[in-house]
Every structure is written in C-alpha cells, then in structure tokens.
Amino acid sequence: MGIPVFVFAGLLVHCVFLASIFDIYFTSPLVHGMTPQQTPLPPPGKRLVLFVADGLRADSLYELDSNGTSRAPFLRSILENTGSWGISHTRVPTESRPGHVALIAGFYEDVSAVAKGWKENPVEFDSIFNESKYTWSWGSPDILPMFAKGASGDHVYTFCYTAESEDFGAQDAAKLDTWVFDHVKSFFNSSRSNQTLYSALNEEKVVLFLHLLGIDTNGHAHRPNSREYKENIRKVDEGVKEIASMLENFYGNDGKTAFILTSDHGMTDWGSHGAGHPSETLTPLIAWGAGVNYPQRVASQFFEDNFLKEWKLENLKRLDVNQADIAPLMASLIGVPFPLNSVGTLPLEYLNNSAHFKAESMFTNAVQILEQFKVKMTQKKETTLSFLFTPFKPLSDSEQINLLKKTRLYIQQEKYDEAVSLCKTLINLALEGLSYYHTYDRLFLGLSIAMGFVGWTAYVILVIIKTHTNLTKAAQSHDKESTILLYGFAFVGLIIAFFLLIQTCPWTYYVYCLLPVPVWYAVVKELHVIQDLAAYLLSLPVGQSMGFLLICALGIEILVFSFFYRSTLTIGLLVFAGWPVITQLWVQAKTTALIWILLCMLLGIFPLMPVVGREPNIPLVIATGLLTLLISCSSLSSLCKSKNKYMNNEDLKVQFYQMLSIALSTYVVSSTHDSLQNKQGLPVFNQIISWTTLVSSSVLPLLSPTFLFQRLFSILLSLMSTYLLLSTGYEALFPLVLSGLMFVWINMEQEALQQYGLSLKPKLAVFNFSYATDIMQFRQLHLDDVRRSFFFVFFIVTAFFGTGNIASVNSFDPASVYCFLTVFSPFMMGGLLVLKVVIPFVLVSCAFEAVQVTTQLSSKSLFLIVLVISDIMALHFFFLVKDYGSWLDIGASISHYVLVMSLTIFMMLMNGLAQLLTTKKLELSRKTKHHST
C-alpha cells in the first residue's frame, strides 16, 4: 500500500471509529408517534406563571443572612404561609439548555444535542409551551427561541433582549432581570387597549415564562458568594412580588393563576457549572397559587443533607423532585396534555386537589410514558429478525394490559392510593424498558468496532515491521492463495451485508460491521511478516521478549490512567527523571542529565495542583510574564555578547518585538483584572492589544532565524504572550517549564544516539531546520525509537492534562478569556479555551520535530508507532465511554475517546504546523542574508 493510499485509509478508518460512539452511545432517545394524554377532570388553574432564575443555587435562596433575615423575603413568606417548597434535583449536564428542556419538556436531553448548538433543536420535541393555548415568554435569546421553534403553530411568543447585553464585565447584570420585569408590566398595560390581546390573555391554558439570567451572569463574573450575586437574588424577589401582585390585580383575584419559581442549574463556589457537584445540581422549587398545596407543618423530617437546620425550615415539609417532574406538575395544574416525550413523574404532594383528581392525573402520567415504551418496542421489533428479538420481559403485552385494567378498576372502586401505587410501578417499568430498547444494539455494534480496532492496529504493526525494520525476508508471491483469500473475505462481507439488509438496518450499521472485513483481509495477507516476526521473537530469550511487552503494556496503562487521575502524570515524570540514571546517560553528560531530572520533577508538580480556574492568582501570572522577560533578556544579551555571525539586526528586532509583546500581555492581564474588579468593563485598548497579540503570535516566529534553538525559543516567546492573556493562575508557568524540558529532551536524545555513533551533538548549536531535509540520511528503526515515540505521546498527554485544562472546557469558566471578550459568546469563548489547550501541544510538536530531524528519523516511521500507541489507548476508552452520570464524567469520557482518536489526525496537522513554524522564514527585507551550516 503506497503512502498516500495508506494515509487516506488511516484517515477514513479513524473517522469511522470516531463517528461510531455518537451512533452507539449518543443517539437521541426520543420517539415520535404517541397520542397526547390529558387528565379527564377539570384543572384547578387557567394560567401558569413560570419564573426560571438561571444559575440560582438552592442554598443561596433558602439560607438566612448573618442577621437572621432572608434575602428573598417575599418568596420566604410564600413557602411559610401559602405554597409548597422543596429542592429540584437537576441532572447533568448542568447547563442552561438541558436544564430548560427538562423543566419545560420533561425529558433529559441526550448528549448528542450538545454538539448541535445551543439555540437550535437537534430533534423535534414536545413541550408544555407547545401544548398550551398561548405562551408568552421574556428573557435570553439563548433560551427562548428554542421552544418557539419547537412549537407547532404560532402560539408561542418570545420577547428577548440583545445577545450583547449578556456581558460578564458589565456594571450590573441584574439589569437583565429588570428588563424582563419591566417588559412584562408594560405588556400587560398595553393589553388593556388591545382587545385581541386582552381576550387571548383571559383564555384557559395560558403560560407566562420569565427567564431571569442576571443571577447566572453575576455568578460567573463575581462568584456566588459575592455581594452582587446575593443582591441580584433580592432584586429577583422584589420583581417576582411585583409581577405576582400585578397579575392578581389584572385577573381580579380569580384564584386561577398558578406560580412556579425554580432554576435550571446551580453554580460552584468558583462560578462555573456543567458538572455534578451538589452546588450545581440542587436548585430551589417554590410553587403557590391555583391547585398548589399549602405549607405542611411537620414535627421532624429526615434528609441526608443538613440544610433544613441551616435554613431554619425543619418544621415545613420539604418536597424534593427530579427536574423533569416539574413538567407534568405544570401540565396537571392548568390541564394541558403531558408533553409527549416527558419522563417525569407527577409530584402529587404539590397538588391541592381531590384524591380522585390525583389518581386520574397519575394514570394519565403512566399511560403517557407507557405510550413511549410501546412505540420504542415496535420500532425495535420491526428492525430485528423475529427469532433474534428479545423482548423486555417485565413489561410484556399481557403485563401491560393487566396493570392498566387493575389501575382503572381501583379508580372506579375509589381505591385511589392503590391506583397511585400501581401507576408508579408501571412508570418505573416503562422507563426501564425505554432504556433497554434504546441500548439494544450497543453490544453488537461495540464488538464490530472492537474487531475493526484490533485488526487496524495489527496491520499498522505489520507495516512498521515490513517497511522500517530489517526483520522480514523477501516474500514470495502466491497468486493462487491470495485470490482464494480475497474470495473468502468477499463472501464473509456479502453474508454480513445480507444479514443487515433483511433487518432494514441504517446505513451506518453497514459501515461499522463491514469495516473489519477489508482490515482483517489486509492483516491475513501479510502472513509471511507475521511468521518472520514470530520466528524473531522465538529466537530472543523469553525474559527479554516478555519484559519488552510488559514495559509497553505498563507504559500504555499509565497513559490511560493519566486521563482519569492527573497525578499519574507525576509518577510518569518521576520515572522519566530516572531514565538517565538507568541507561548510563548520567555518566556521559552529568549537567544535562541533572537539568533533565530537575525539570521532570518541576513539571511533575503541575498535575498535583487543583484544576485551573478555581482560585485566580493574577499576581502569579504577572510574575510569570516578568520571568519570561528576564529569560529573554538574558538570551538576547548572550546572543549580542557572542556576536553570533548568523544573527543580524533584523533577527534582533524580531526578538525585541516579541519581548515587547510579552511586556504588553503582562500589562493587559493586570489592567483588565483591575478594571473588571472596579466594574468598569473590559477596556477597548486592552481588547485591541489582546487580539493583535493573538494574530501576531502566529507570524513573528516565521521572521526569526531557522537555527534550532533560536527558532524554538522564538516560538515559545510568541505563544507565551498569547498564553499569558488566557491565564488566570499557576498555569501561566506551565508552558515555560514544559519548554525548558523540551530543550533538554533534544539534547538528551543526542546523548542517547551516541551508542549508535549517530550523534549530531557538536552541530546542534548551529543546526538549521531549513537545511535539515537536504543533509539527512534516514535510518531504520531501533527499539529505542519506540521509547522516543512513547515520550512524545506522554508529553502530548501532559500538555493537555498538566493543568486540567480539559476540565475547564467541560465545566465552563469564562474567566480565562476576559482579556479578549466579556460578552457571552459560547463558540468564541470555547474557541479561545481550546486555543489555550492547544498551545502546549504546539510546543511539544515543535520539539518532537527537532528530535526527529536531529535523530535522522523519517516522520512517517515515528508517526506509525504513535498511531499504534494511540489506537491501543483508544480501544480502552471506547469501552469506557459513558452516556450517564455527571456532565464532567460524560464530557470527560467523550473527550478522552475523541482526543485519542483525533490524536492521529491532529498529529498530522500538528506535524505540518510544526514543520511550518520551524522551517519557514518570511523575508521582510532584501538585505537579510542567508547562511548555511
């Protein structure tokens, strides 16, 4: 197989492996074709008002101030005197979109929706708004359009402020909530002179939705324990009081308005959300008005947390719910059909109604979830051969009929408690059945992909042995055997395709199931290579072969573990520190080895530090900027002193500009922090400097000399100026220490090469990247090159996880990008956070490029070894992908798999980028002279 064909095949195979997890783990759980279910009895309310205080934690609302008063006196008086209260337990991801979908549509959005954007509907779903007669909503442009687009007809109306209003650096984000309250008041005032609107507002089944984003924005900008966050809660409380009073007056106190106040998610103490910490998953729920129970006094109640005592609410019954349970509660209060895809269970204790009404509502709830189960089962039955179909036994057709009949009989006999109990059993069984059919094909598809993985990895190992080592003998061609082999594998492929065809499987199933066929054909075709390899391994002492395989397995397991426990990287770096001692390099170069040991130990401190973003430390970022300036000044002075004949004035100017860029970045970080602290927003001058630095950092290295250490130092300075702008704490030091280790690594590899008599050590100081390809004679691979490739993969993983940057992308903390923008823009902010993660990656790639050219290796041979290492890791992560648990767990499991799968594709891009950054030079002046080594 030629190089272009091999590269194309590799890209294709990895794209299939990458796409497979979204088909296997993250297909949408939603089904369509159910009939709407509605409680047959008249509802208690005509209209519902839903307040969602975005980012409001339960403890922040319920706790008392130091002086014993509530910061939300109106809502406190409601839960003490007129309504019911509790905690709504959100599921992760604790983000705004999934939280609102759970509240308003009653189901937990699958992870695939995250990839489809924040504002669009990746799948059509039903909601309370859609089932209502009219819905009017006010608030954020990130949330409201999602439910309007999903509605059938044009009865859902939205009123949004501009996206630019969501500014984390603004004077006071509470103005977002004031905007909502003011617009609701003016809307109702205007309706008095608009007969059509007035009539619509007086209809039944009306929903008013107020989305209040101020608390979330203040929490991100100032943290939840700040005065701003707490003051915003006070303002929301006043606003809710005014709106409730105005609506009661507007409707003449008819007692037909139900009110619900809750939140989509909470927030950590350091101002982020997305994960599964109790501060993020515990949100308040207060309901009052038409059809809602009054406070229930109790002598004592038990919860595992100790909040009741802290909040002084021990004697008021706390009614906890799951977030999706709020949708059926709202449907029941105003008599609209339950959302078709809702998986929530109606919380009966919130209802102030007859036992008959509660039993009927619960029965409606059970039938509505059972409808989804039946549709899902029918879909699966139709696409599976009858003799292979395994139904969900606990809820067979006869069992369904039996449970429904019994429940209906209990209601007729007025045995309402027994009816409710049966309904809950039916709901739990139906939800289990939904999950069973949703994951029905997972094992079958997983095994197909695993077969493809193992075959591909085996093939790459055979290619390495065949083309880059001296282990194989010349192969004799057996045309007849290869023809029989081809027909045999083609026959297997046809059988698989026929089997999939008669089951009417989706086209992606064909790709996953047929992929292993050509891959394993390619492996079996190289049988002579396998025989030569086996003969070579048998000729070696058993202990040596087993020892090598054991070390390889241990190394890959350490890499896999490091994705879950960052401290594993520290153990790996301590082992690396001992490398010169074990291999006698210590004797050859004591000084270099000592620096290597010190830098390995210093870099090993970073994975032990807490995840970036929790504790900002701006003085440390400023100190790092000054340290970088000091290092570059000493570098500049040593260059001037040595009167390097390869340097000229143009090159000195470039380094001076880079030093100026570092100084400006340090100033911008300090100035922006002070400005935001004083609530003066992001200064325009700082913003211009930040974006200019970002753009120039990709160009300035191309103006510097292409001598090995000078070019690598230039790349470090340019990327460091951008990295400083994206830093909030100790991580600013990370690229500096990492680069130091990379410089020493290049020298250490020269020491290691001396045993082969290939070292270029004397020439390293004047080694020129741009002439490297001309003078190189590429050599065959040694076993030591496996170690080189492993070092590279280890350093890449350290570059990603050394400061826990991936976690800060998952658990979104915008503080890192405040030098560039403060207005909420998820994709721009996400892009900058990804850039922050990629910068250390580029530094390692450039160092690896230097190692490749100075150790006389072709990039293809090392690339193939890295391919094998990353594919073995990817197979681990394929079986560790989760579609449940905390958003951090789900996000991390996807990130791990995608990261390792992308490593090969990304490595090719990074290899190209590293070659560009190290070998190319832009000429700004004709006077610039060229010198060769």
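Every residue, even glycine, has its Cβ placed from backbone N, Cα and C.
Please treat TrEMBL annotations as automatic predictions, because they have not gone through curation.
Per TrEMBL, the feature domain 'GPI ethanolamine phosphate transferase 1 C-terminal' maps to 432-886.
As annotated by TrEMBL, transmembrane segment applies to 443-464 (among others). With a threshold of 8 Å between CB atoms, the same-chain residues lying at least 6 positions outside the transmembrane segment (443-464) that come near it are 1, 6, 13, 16-17, 20, 23-24, 509, 512-513, 515-516, 519-520, 522-523, 526, 529-530, 533, 781, 861, 864-865, 867-868, 871-872, 874-875, 878-879.
Long-range contacts of the transmembrane segment (484-501) within the same chain: residues 509-510, 513-514, 517-518, 520-521, 524-525, each at least 6 residues beyond the stretch ends and with a Cβ under 8 Å from a Cβ of the stretch. If you look up TrEMBL, you'll see 484-501 (among others) marked as transmembrane segment.
Annotation source TrEMBL lists transmembrane segment at 507-524 (among others).
Annotation source TrEMBL lists transmembrane segment at 536-563 (among others).
Annotated transmembrane segment per TrEMBL: 569-587 (among others), in sequence order. With a cut-off of 8 Å between Cβ atoms, the residues of this chain six or more beyond the transmembrane segment (569-587) that come close are 558-559, 562, 593, 596-597, 600-601, 603-605, 607-608, 748, 751-752, 791, 794, 797-798, 801-802.
The transmembrane segment feature in TrEMBL is assigned to 594-612 (among others).
Among the features that TrEMBL reports, transmembrane segment is placed at 618-640 (among others). Away from its own ends, the transmembrane segment (618-640) comes close to residues 647, 652, 655-656, 658-659, 662-663, 665-666, 669-670, 673, 710, 713, 717, 720, 724, 727-730, 732-733, 736 of its chain (Cβ-Cβ under 8 Å, at least six residues beyond either end).
The transmembrane segment feature in TrEMBL is assigned to 682-703 (among others).
Feature annotation from TrEMBL assigns transmembrane segment to 732-748 (among others). Within the same chain, residues 580, 585, 589, 592-593, 595-596, 599-600, 602-603, 606, 620-621, 624-625, 627-628, 631, 708-709, 712, 716, 719-720, 723-724, 761, 764, 791, 795, 798-799, 802-803, 839-840, 843-844, 846-847, 850-851, 854 sit at least 6 positions outside the transmembrane segment (732-748) and bring their C-beta atoms closer than 8 Å to a C-beta of that stretch.
According to TrEMBL, the transmembrane segment annotation covers 789-807 (among others).
Look at TrEMBL and you will find 862-882 (among others) tagged as transmembrane segment.
Residues annotated as transmembrane segment in TrEMBL: 894-917 (among others).
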Are there residues at least six beyond either end of the transmembrane segment (594-612) with Cβ under 8 Å to its Cβ atoms? List them, or say none.
562, 566-570, 573-574, 576-580, 728-731, 734, 737-738, 740-741, 744-745, 748, 798, 801-805, 807-808, 816
Top stretch among 507-524, 682-703, 862-882 for CB pairs under 8 A with the transmembrane segment (536-563)?
862-882
Given the model, what does the mean pLDDT over the domain 'GPI ethanolamine phosphate transferase 1 C-terminal' (432-886) come out as?
82
